[in-house]
Amino acid sequence: MSTRPLVGLALGGGVVRGMAHVGVLKVLKRAGIPVHMVAGTSSGSIVAALLATGNSPERIEEIALSLRARDVFDFGSTLVNLMLIGGKVIADFFGLPFPFRRPLGLMKGNKLEAWVNRLVGRERLFGETIMPLGITAVDVRNGRLVVFMEGKTTTRTVLPPDDAFIKGQPVALAVRASTAVPGIFEPVQLGDRLLVDGGVRDNVPAYVLRKMGADFVIAVDVGYDGKLQHNIGNIIDVLIQSFDIVMSETINMKLEHYADVVIRPAINMDPWDFSRAGYCVGQGELAASKALEEIKSKFAKVRST
């Protein structure tokens with residue numbers, strides 16, 4: 001395929017299910033379909049950051065298959081934060097003062113940020129990536145979508161007045177903000193902004209790619225697919241599933257408007273089960289392979305206009 005039109009890849013959030021993005025990347029590479037820019041939300045922001053900083057699909061697969069929860073989760077801070085949260089509840093119940101800090105999540109997210117930093121190049125900034133990169137978060141203070149990106153935007157898409165575009169920040173910081181699932185990870189403080197998971201507003205950032213100048217957008221949605229889920233076994237699963245259900249209708253409407261092709265890997269599993277990474281990659285490959293003819297057909301039409 002030629003370098004025009006510009007192809008953008010939107011990678012959605014879904015915790016470990018986001019590893020399906022790796023399978024999609026492998027299929028696109030084998031088919032000779034170029035990716036000129038990438039945008040990601042939550043776990044999709046991790047894969048997007050790795051791709052944009054020069055990692056091949058094969059290298060990203062190696063990283064995904066070797067990843068363990070202890071590599072990115074601050075389990076030490078979880079216990080401390082649980083004690084602080086419990087102490088605050090007890091103090092409030094008895095009307096007592098509580099002089100200690102009040103955590104805004106179970107984990108800080110420092111470990112995840114450090115892990116991403118090692119993989120993308122320490123303190124690598126937007127603007128220093130191999131390809132244009134967009135990562136989304138949400139300012140929990142006012143509900144605004146915040147997009148970390150670099151370079152110029154295009155006027156072909158009208159920006160909603162409540163969205164904010166930020167440039168010049170470290171890639172790892174943006175990933176940490178985009179993956180800060182409310183209640184689980186503490187929000188990221190950036191100036192007067194308090195940032196949480198971008199999926200709160202836009203879990204598959206196809207719209208962001210249009211603003212970055214993409215002519216043809218392939219979106220990968222690894223969230224709720226409307227089917228019965230059999231792997232809801234704890235409070236975290238309930239939170240994530242509820243989050244997905246609430247967002248699913250909005251996501252579908254946005255993708256219908258901004259994406260040319262939507263790939264939805266069929267993944268029914270505990271979204272926190274890191275041992276299922278290989279399964280997720282395989283499901284991503286399967287879904288992308290099924291979508292190849294649609295991608296080629298629609299891309300040909302865009303090229304001819």
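Backbone N, Cα and C atoms are what each Cβ position is placed from, and that goes for glycine too.
Now, the feature entries from TrEMBL:
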type	residues	note
DOMAIN	9-210	domain 'PNPLA'
MOTIF	40-44	motif 'GXSXG'
ACT_SITE	Ser42	active site, nucleophile
ACT_SITE	Asp197	active site, proton acceptor
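Comparing local CB density within 10 A for the active-site residues Ser42, Asp197, the maximum falls on Ser42. Secondary structure of the motif 'GXSXG' (40-44), assigned with DSSP and counted as helix (H, G, I), strand (E, B) and coil, comes to 2 helix, 2 strand, 1 coil. Note: the CA-CA distance between the residue listed as 'active site, nucleophile' and Asp197 (active site, proton acceptor) rounds to 6 Å. When secondary structure is read from DSSP and collapsed to three states, Asp197 (active site, proton acceptor) falls in the strand class. This prediction places the mean pLDDT of the domain 'PNPLA' (9-210) at 85.
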